[in-house]
Amino acid sequence: MEVVIVPDAKAGGELIAEAMAQLLRRKPDALLGVATGSTPLPVYEALAAKVRSGAVDTAQARIAQLDEYVGLPAEHPESYRSVLRREVLEPLGIDMDAFMGPDGTAADVQAACEAYDTALGGSGGVDLQLLGIGTDGHIGFNEPCSSLASRTRIKTLTEQTRIDNARFFDGDIEQVPHHVITQGIGTILEARHVVLLATGEGKADAVAASVEGPVAAVCPASALQLHPHATVVVDEAAASKLKLADYFRHTYAHKPDWQGI
């Protein structure tokens, strides 16, 4: 696991966007796994700027979804499919034909989960998976004590998560679905490169537990310690609880430029 400490969220976004751009230059049809939420927005904004400037071509790029609400129509403005269309696909000039995600409205949700897991493998696998992290260490909707070998499956949202997400539904918690489909931790770990971005002091404890703590289901993101190519990008605030922060700064500062992240 590599830990990169950057000054702020904008710098983190630019660093990860450049890693995605380098990947697309090597492999134009790369499958990028993307996450929703406010944390990854600087990544998408920086990558979109590269597309507009002609620094990278996304004509053949493909996008894979991390999770989706169950029972929310795909055309609903707050379905994650709609959110990703607005925040990722349209700014990057990628057609919906190049997008893959689970069917949250399927009559047989379990079959839909299994079908998406199979589709990810059949597509050749995710080349780079971008993740955020919750204050409790969750990745995707894999909450604490999720199996570290879990596959794409249905999960029940905690009441706190529904309260937190109500702001996207006009403040009405009754509109927030109770269930989601999420890639499992085992599924996430199959990506060739996993990049986790964390910003803000509120994520400091989770980052420290994930990077320097034991690999344990109580902190789902700690499973990234087992991945052969995992990169954790954090701003100074999110890095504030890391005991090895100076070591991480030193090693990255002296890393050969050609290695990237």
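Note that Cβ sites are derived from N, Cα and C of the backbone, with glycine treated the same way.
Copied over from Swiss-Prot:
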ACT_SITE  Asp67  active site, proton acceptor
ACT_SITE  Asp136  active site, for ring-opening step
ACT_SITE  His138  active site, proton acceptor
ACT_SITE  Glu143  active site, for ring-opening step
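Annotated features taken from Swiss-Prot, shown on the structure.
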residue: Asp67; record: active site, proton acceptor; CB count, 10 Å: 20
residue: Asp136; record: active site, for ring-opening step; CB count, 10 Å: 16
residue: His138; record: active site, proton acceptor; CB count, 10 Å: 23
residue: Glu143; record: active site, for ring-opening step; CB count, 10 Å: 19
C-alpha spacing of Asp136 (active site, for ring-opening step) relative to Glu143 (active site, for ring-opening step), in angstrom: 8
Secondary structure of His138 (active site, proton acceptor) (DSSP, helix/strand/coil): coil
